[in-house]
Amino acid sequence: MKNVLKIMGLLPMLCLNIVMAAGGADWVPHDKFPANMSNSESIQRGAKYYVNYCLACHSLEFQRYNRIGMDTGLDEDVIKDNLIFTGQSVSQTMLSAIPDDDAQEWFGKVPPDLSLISRSKGSDYVYNYLRAFYRDDSKPMGVNNGVFPDVGMPHVLASVEGVKEAIYDETEQCKTVDGESVCETHKTLAGYTAPVGGTVSPDEYDAMVFDLSQFLYYVSDPSEIKRHRIGPWVLGFLILMTFVLYLLKREYWRDIH
């Protein structure tokens, strides 16, 4: 019985280690994404970037165009003119223009729906992933990614950001084989060179990626905006109700005593 209790006591530590190991310790870059659901303008800009650069391949089948308008204050006419280029109505979900069969033939795999990407992998993952592409001529798409090694998609924002080269740290590891010292050089991704050929500065690109990540964070749970709006009112009601119930309790107990 004591051994069972010891094992149960170690389980939380084991789970914590697993979570930490899966938390992207080897990501390059590895920055925290400060999501802010009250920043409606950032979400609006992110929606524009997503429609222009991502929606051609990646659907958002759980997100409707008019929901973006309701949550961020965009008029339906603005949505029709700036976000819908596929002939859909504002009440429809945001679907890719590429049929699944064609996508399978062209890419070898249907690009995943990104409605819940921020919830499943975390907003930090999305933010860093979009800033981690670098040139790698050995890969089919000519690029690799410091957050998702051996990535299978092209860098769709390369025309905006430009092209970066990888910077590696090299370490030599030696071992003895049959009495002889055998050494191997191991390379670890350490960072990137400044991008070349882009149309914006690195700071402007980071701001663009921030807005895009903000939009995907919003899409993963649109109701969070409403919860933030009504939350203070709910707390205020609970505080007031607690005070009223306290006065009622005093009145009841005064009659009893």
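We count from 1, first residue shown onward.
Just so it is clear, glycine is given a Cβ too, placed from its N, Cα and C backbone atoms.
Around CYS54 (heme c binding site), the same-chain residues at least 6 positions away in sequence with a Cβ under 8 Å from its Cβ are LEU114, VAL156, LEU212. Residues or ranges marked as heme c binding site by TrEMBL: CYS54, CYS57, HIS58.
TrEMBL lists 41-216 with the feature domain 'Cytochrome c'.
Annotation comment: TrEMBL describes 1-21 as signal peptide.
Annotation source TrEMBL lists transmembrane segment at 230-248.
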Using a 10 Å cut-off, grab the number of neighbouring Cβ atoms around the Cβ of CYS57 (heme c binding site), all chains included.
19
